[in-house]
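Per Swiss-Prot, the features are as follows:
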- 37-57: transmembrane segment (TRANSMEM)
- 68-88: transmembrane segment (TRANSMEM)
- GLY76, THR79: Na(+) binding site (BINDING)
- 102-122: transmembrane segment (TRANSMEM)
Amino acid sequence: MNGFLLVALGGAIGASLRHGVGLVAVRHLPLGWPWGTSFVNIAGSLAMGLLAGWLALKAEGASQEARLFLATGVLGGFTTFSAFSLEVATMLRSGETLKAGLYAGVSVLLGVSALFIGLWMARRIFA
């Protein structure tokens, strides 16, 4: 199957999931913090760690198509670092410097930590 089509199909799934998370966050969590974006960035990092670990440990022969669909498509559509950047910039432009710094720092720290936890989990599950 064409790589662009696989990425597009996966991206549609990931973006739809991201939209759903955003709707749930807006309806059920306190306003004033980008909960949906925070969640998808951290969960997406965890999922990428698990996927990378699985591909390295158990799916050496995984097709390029599977990698394109899952990593570039689904997870690329799900995670939202471009939205994250916009939200940080918006906070900074609004004079919310402390909030922007806290949001950026916590998101990056937890995202990278979640990726390492995902890799660790993959070694425990798939090795």
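Glycine too: its Cβ is placed from the backbone N, Cα and C atoms.
Distant neighbours of the transmembrane segment (37-57): 17-18, 21-22, 25, 67, 70-71, 75, 78-81, 83-84, 87, 103, 106-107, 110-112, 114-123, 125-127; these residues of the same chain sit at least 6 beyond its ends, with a Cβ under 8 Å from one of its Cβ atoms. Sequence-distant neighbours of THR79 (Na(+) binding site): residues of the same chain at least 6 apart with a C-beta under 8 Å from its C-beta are GLY14, ARG18, VAL40, ASN41, GLY44, SER45, MET48.
Packing around GLY76 (Na(+) binding site) is summarised by its Cβ count: 17 other Cβ atoms lie within 10 angstroms of its Cβ, all protein chains included.
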